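All remarks here apply to the structure that follows.
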Amino acid sequence: MAALVVTSGHASHGSNPNFKEEIQHATVEDLKRTATLVVADETADSGVYDSALEEKIPRFEMNEIRLGRTLGRGGFCTVTEIEKVKIAGGETNTSRFRLKKSRSSLDSSDKGGDDMEWKSVASESRKDLENQSEPFSRTQLAFLSRKKSRKKGGYFALKQVTLEMASLNKVNYLKGLVDLSTEAKLLAALDHENIIRLCGVSMEGFSDFIIIERLQETLSGRLKKWMKTDRQCKGVTGVFTGSKMKKVALDRERISTAYSIATGIDYLHSRNVIFRDLKPDNVGFDGHGITKIFDFGLAKELKESRRTDDGLYQMTSFTGAVRYMAPEVGLGMPYNLSVDVYSWSMILWFILALEPPYGFYTEDMIIDRVFKRGSRPAVFESWSHELGNLMKCSWDSTISKRPGFSEICNVLRSEMSIKGKSGTRS
């Protein structure tokens, strides 16, 4: 089967006039091989992707993984809870299980010990999972997969292209394979507290499935909780339920979340990676409340070959969620890293206003009023002057006027410091 020219936004047959016919007769294995070729071409001569780091990610067979309930479905992929990973030799106890902050290992051949020692090690695994900087070994991941909380579930989730798509829409199935493989290769090269961690991949390759850390909640879900808390603080009963202290804590949590998102994207931008799909549904929280950016299917490394004379890049238009999409992306113009700044500003507005930006606007209204005519949400007087100015600059129609995330983080650090001292500013 001929290799396809595929991006996140479209697939085309290039010089192959028989593309449509060939893809209809292609097997799943044909499509996986094609996806591998496409991704290899896309990531060639990269300053980000690192084959040495990819080799460190442990590989698993699907029959070693016991899946639980479905956690979510996206455009191409399904994310499922991992209940347990069972590997050969992984059922024995161990007499020397030591997870260190970095460069730790577990030799599954070390046998002996007793149940009390195993339980003692298991009780410490949550902290070790956070701190270990090196990728887990197969045995470590299998061990940690058993440390399951009744309330929070397991540590890991499996992400794969929705299998039904292989028979329903092979073009979209191929796009999904390319996106998943690209995401896996990118995550293997990234290491930041606020970016979801790649923990394992399929023995068959990156396009088959990936194992990621499981998140407990999305920002979309957290925003609903904040709305409820905010209403309670403002209600009649708020006076009797410590509403002032709740409001102070709520404000701090919201600004801290906006800051964590900004630091994660700042790290991506330092690697010359553009995210392109920043929205509340792609931000989550792990079992310890740490903010995580996830779903890197649309993230791309900026390449000089796509750079225009004015420092922008020719990339796919209308990419991401329209409510958070920068005007230049929606209008099919060249763009750069600052599109993520615009998207972040809309999330910040949502976090502060506790309502979606352009709440009642349809997609056509956003294109006309926001993209073309420059309409923006209202900045409320109750918000600090610094936050108001930060938002206005971040969503400016002129790309060059938008701040970078380093500057954004500086403003938010100052804001958090003020809130920490007085708890009075919004």
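Backbone N, Cα and C atoms are what each Cβ position is placed from, and that goes for glycine too.
Database features, via TrEMBL:
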ACT_SITE  ASP277  active site, proton acceptor
BINDING   ASN282, ASP295  Mg(2+) binding site
COMPBIAS  108-130  compositional bias 'Basic and acidic residues'
DOMAIN    65-418  domain 'Protein kinase'
REGION    98-133  region 'Disordered'
What does DSSP assign ASN282 (Mg(2+) binding site), in three states?
-> helix
Report, in whole Å, the straight Cα-to-Cα distance of ASP295 (Mg(2+) binding site) from the residue listed as 'active site, proton acceptor'.
-> 8
What residues, ordered by sequence, lie under 8 A Cβ-to-Cβ from ASP295 (Mg(2+) binding site) and sit at least six positions away in the same chain?
-> GLY74, GLU183, ASP277, ASP281, ASN282
In this predicted model, what is the average pLDDT of the domain 'Protein kinase' (65-418)?
-> 87
In which DSSP state, out of helix, strand and coil, do we find ASP277 (active site, proton acceptor)?
-> coil
